[in-house]
Amino acid sequence: MKFASKKNNQKNSSKNDERYRELDNLVQEGNGSRLGGGSCLGKCAHVFKLIFKEIKDNIFIYILSIIYLSVSVMNTIFAKRTLNKIGNYSFVTSETHNFICMIMFFIVYSLFGNKKGNSKERHRSFNLQFFAISMLDACSVILAFIGLTRTTGNIQSFVLQLSIPINMFFCFLILRYRYHLYNYLGAVIIVVTIALVEMKLSFETQEENSIIFNLVLISSLIPVCFSNMTREIVFKKYKIDILRLNAMVSFFQLFTSCLILPVYTLPFLKQLHLPYNEIWTNIKNGFACLFLGRNTVVENCGLGMAKLCDDCDGAWKTFALFSFFDICDNLITSYIIDKFSTMTYTIVSCIQGPALAIAYYFKFLAGDVVREPRLLDFVTLFGYLFGSIIYRVGNIILERKKMRNEENEDSEGELTNVDSIITQ
């Protein structure tokens, strides 16, 4: 029986490794054509074969990446548009959004989640893990909302790409991920591109942009990284329903956001600075702005002033769209981490930067935060895409090496069992 089990494992391993052997054959064909002095057209055809093979074997993850890319870009755009309308009331928008997420996730989970979850998962308490994730997410949301208020659209796309090296570092440190040289090279290409862009932008005068708020936005990436790693650890140990996880996290965030409310009293926040004695008034004005469309801050406000001007007319529509795309973003992110890994999510998320920069060119997408196209954006787009391709090549090499090691181990185990049977 043990011999048969080993034989089945070998068959499964060989089946999983088949696509890598086909890739090897394509590479060898390409090397042969180069040695034989193949034409330029033949070399191009060989490259397209490799690309087609990669896409065909990973069609699901590429479709999922396109869906995630679309949702993530729209989520970021509507977050910025919401802040431009009601940027004085970030706490109100954050709490309202958490409440909407909690209600929606609990309704859907009560209808569909219980049928999918097993009895062990339903009866086990994960409150500590849910609370940890909610604390990390709450820190990230508050910091991101503050940072986005004075961070221009183009710089947003650059800053968000820093999640790649941050995720790589902490996954290596905590989850014991191992990377290929090409993974590091791809990440370095992206980071260097970001550094050059930031250096260039630092010499430009941009009234809407603040280096302090840029740093706040960058700091919001660290709790996101730890939150994703916590999700992966829980998913690997227990089969937790994605809807239940997001519902409970949203519930805890209603309270964890209150713990971070004193952050708004920090004086360096300038336009977002909120003294303790004005907190309750700000909350009331925020609800009036969001649900009644009533402007409160209309005088002595604006760019460079102590306060942002309210633009509450139709704010609830923009906020509703932001909530919808953010809910979808959370679900897709959890699904990717559940079915794949934090590393896969990092690879997928790296494509949102250039897409976001280009999305800000179109008024029907960006609305009042539309930007003029710049050559610098296309330079960074090339850097992002080139770095992402190099990163993916490193991942393919690691996957191929892992498959071969498993196949060799199964082969050795089969030979050992055969020898023992013959000896007996």
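A Cβ is built for glycine as well, from the same backbone N, Cα and C atoms used for every other residue.
Per Swiss-Prot, the features are:
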TOPO_DOM  1-49  topological domain 'Cytoplasmic'
INTRAMEM  50-58  intramembrane segment
TRANSMEM  59-83  transmembrane segment
TOPO_DOM  84-89  topological domain 'Vacuolar'
TRANSMEM  90-111  transmembrane segment
TOPO_DOM  112-126  topological domain 'Cytoplasmic'
TRANSMEM  127-147  transmembrane segment
TOPO_DOM  148-152  topological domain 'Vacuolar'
TRANSMEM  153-173  transmembrane segment
TOPO_DOM  174-180  topological domain 'Cytoplasmic'
TRANSMEM  181-202  transmembrane segment
TOPO_DOM  203-210  topological domain 'Vacuolar'
TRANSMEM  211-236  transmembrane segment
TOPO_DOM  237-241  topological domain 'Cytoplasmic'
TRANSMEM  242-263  transmembrane segment
TOPO_DOM  264-279  topological domain 'Vacuolar'
INTRAMEM  280-292  intramembrane segment
DISULFID  CYS289-CYS312  disulfide bond
TOPO_DOM  293-314  topological domain 'Vacuolar'
DISULFID  CYS301-CYS309  disulfide bond
TRANSMEM  315-339  transmembrane segment
TOPO_DOM  340-343  topological domain 'Cytoplasmic'
TRANSMEM  344-361  transmembrane segment
TOPO_DOM  362-374  topological domain 'Vacuolar'
TRANSMEM  375-397  transmembrane segment
TOPO_DOM  398-424  topological domain 'Cytoplasmic'
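All features noted in Swiss-Prot, drawn onto the structure.
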residue : record         : DSSP class
CYS289  : disulfide bond : helix
CYS301  : disulfide bond : coil
CYS309  : disulfide bond : coil
Integer Å distance between the CA atoms belonging to CYS312 (disulfide bond) and CYS301 (disulfide bond): 14
Model confidence over the topological domain 'Vacuolar' (293-314), averaged pLDDT: 80
Among 59-83, 90-111, 211-236, stretch most in contact with the transmembrane segment (242-263) (C-beta, under 8 angstroms): 90-111
Considering the transmembrane segment (211-236), which listed stretch of 59-83, 90-111, 127-147, 315-339 counts the most C-beta pairs under 8 Å: 127-147
Listed in sequence order, residues with CB under 8 A of CYS312 (disulfide bond) and six or more positions away: LYS85, ILE86, ALA288, CYS289, LEU290, LEU292, GLY293, ARG294, ASN295
For the topological domain 'Cytoplasmic' (174-180), distant same-chain residues with Cβ under 8 A (at least six beyond the ends): 168, 229, 232-233, 342-343, 394-395, 397-398
Intrachain residues whose Cβ lies under 8 Å of the topological domain 'Cytoplasmic' (340-343), provided they are six or more past its termini: 61, 167, 171, 175, 177, 228-229, 231-232, 395
Distant-in-sequence Cβ neighbours of CYS309 (disulfide bond), under 8 Å, six or more positions away: ASN295, VAL297, VAL298, CYS301, GLY302
Fewest-neighbour residue among disulfide-bonded residues, criterion Cβ within 10 Å, set CYS289, CYS301: CYS301
Tally of DSSP helical, extended and coil residues in the topological domain 'Vacuolar' (84-89): 6 helix, 0 strand, 0 coil
